[in-house]
Amino acid sequence: MRRFLLIAFPYVWLLALFLIPFAIVLKISLSDVALARPPYMPQFSWDEGIGAFLSQLDFENFTFLTTDDLYWKAYLSSLKIAAISTVLTLFVGYPIAYGMARAPEAWRPTLMMLVILPFWTSFLIRVYAWRGILSQEGYLNQVLMWTGVISEPLTILNTNIAVYIGVVYTYLPFMILPIYAALDRLDGSLIEAAEDLGCSRRSAFWLVTIPLSRPGIIAGSFLVFIPTLGEFVIPSLLGGSGTLMIGKVLWEEFFNNRDWPVASAVAIILLLILIVPIVLFQKNQQRQAEAEG
Amino acid sequence: MSRLSPFNVVSLTLGFAFLYLPMLILIVYSFNESQLVTVWAGFSTKWYGELARNEAFLDAAWVTLRVAFFSSTIATVLGTMAAYVLVRGGRFFGRTLFSGMIYAPLVMPEVITGLSLLLLFIGLGLDRGILTIVLAHTTFSMCYVSVVVSSRLVTFDRSLEEAALDLGCSPAEAFRLVTLPIIAPAVISGWLLAFTLSLDDLVIASFTAGPSATTLPIKIFSAVRLGVTPEINALSTIMIGIVTVGVIIASISTKRARVKAEADERMAQRTA
């Protein structure tokens, strides 16, 4: 009995507040817009029966998504922005993780804490901080003009470049930590062996260190790529009108256009796209666990 | 392998400068006299005074704290139960679905979680307010708690629980007297994680909040969209300060606990 309750409580909670809401999104994505409250139809009613209800559902919203340029462009552009920022985060994060793994043992807990600390600080505030830095009269332009690198202020805020910077900045800990974990486990004698066998330090790095830290690189990349794909805060605070990301499109479709069925259809497609990287990520994690176990 | 090359030193220095400079600038300019955030006009704490008089922000902060407290507390209870069931529960009907529902919210884009919960609340005819935000935050943060707690439960020596059961404890007593004290640090960090996730959440709260309850992130977001203001800088500084102090205290206390545990172990070995 006690075991039953232990399982039932979290189970029922998740069914009610995760699975059922999701089923509702799926259902509304197959419904039509209506000038009513709530603004979609058909409404389910037991009187008419399930058959009549199901027969009114259709894929119209999904065909609409394929006919209007905005949506597939937004999906493509989200994929592109997520991919570019993931690569940039890797280039910024790897040297930091590598430096941490080579730092003296006594420093490492402090360095770890310094990487994790920003993660506990408000995401919104960390994104907001860059608005002051990147704007026309912002600190970056002030410094660059003062040092004479540029004579005209650069326009960075409200462009995709600002979005890349924002993603790299906020998701950097997710990249650093798995790579650091992989490098920390790496057996130093393998590198010594490579060097003894005539590798230069640099080629030992490319031939031994990088391949052995691959699981960390893959894990970190997915941990950045997956959440960036549906990101809303960064494109809306740092991006411009030209920054097309699907999270922002969904938000506007829902709050500004009040088109719930289309917003739901946008959500369903986004999830279908996300399945691929999520499954690949899971596989990577499993392989790693097996290799260790 | 602790041989720091010049390249390592440079990349660490630049990396941490990149991580911390933006926040440092934010903090410094919160003490700026001028309304123009990008021009330094002398030291002043007047924006903190302005903030303390801003009723709308204070109300939102109070709502946010209450939501975070309730949602993280319920999430910790549910998440710990879920972790225990997943690690120790054995087989039961629908176990795969259950573990799927624990992990899916972690990768679900926030816009979708928010949208789906809003549609549920409207379907149920629930008025949007503190209650709906608490329900929403509990749902996604219980999954984070469950992941944190189950990673501790997995490494936990099961024979300790079995010994307690052999010595006449009921399963509930074994959990309370043996399991809970051992997993307590994970439960506490799960609670802290849930609390900060709730404090921080903009997207899900925007979907599930009603006109009667606005959280701080929603207020900040709408102010920030219009531009950078010194008041928001002051607010950010306070939030960064609280988090920094919290994390430092937490890391010192876990370090103390570890040192004490190691000392206890040595004592136990000596007496044995």
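Each Cβ is built from the backbone N, Cα and C atoms, and glycine gets one as well.
Owing to the predicted nature of the structure, the values given are computational and were not obtained by experimental measurement.
Database features (TrEMBL):
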type	residues	note
DOMAIN	B:61-253	domain 'ABC transmembrane type-1'
TRANSMEM	B:7-31	transmembrane segment
TRANSMEM	B:67-87	transmembrane segment
TRANSMEM	B:99-124	transmembrane segment
TRANSMEM	B:130-154	transmembrane segment
TRANSMEM	B:174-194	transmembrane segment
TRANSMEM	B:232-252	transmembrane segment
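Within the chain carrying the transmembrane segment (B:130-154), a Cβ under 8 angstroms from the stretch's Cβ atoms is held by residues 63, 66-68, 70-72, 74-76, 78-80, 82-84, 86-88, 102-103, 105-106, 108, 113-114, 117, 121, 179, 182-183, 185-187, 189-191, 193-194, 197-198, 201, 204-205, 207-210, 212-213, 215, all 6 or more beyond its ends. Sequence-remote contacts of a segment are chain residues at least 6 beyond its ends whose Cβ falls under 8 Å from one of its Cβ atoms, and for the transmembrane segment (B:67-87) they are 98-99, 102, 130, 133-134, 137-138, 141-150, 153-154, 175, 179, 183, 187, 190-192, 194-199, 205, 213, 215. Taking Cβ pairs closer than 8 Å, the transmembrane segment (B:232-252) reaches residues 23, 26-27, 29-30, 32, 37, 47-48, 50-51, 57, 189, 192, 196, 216, 220, 223-224 in its own chain, all 6 or more past its ends.
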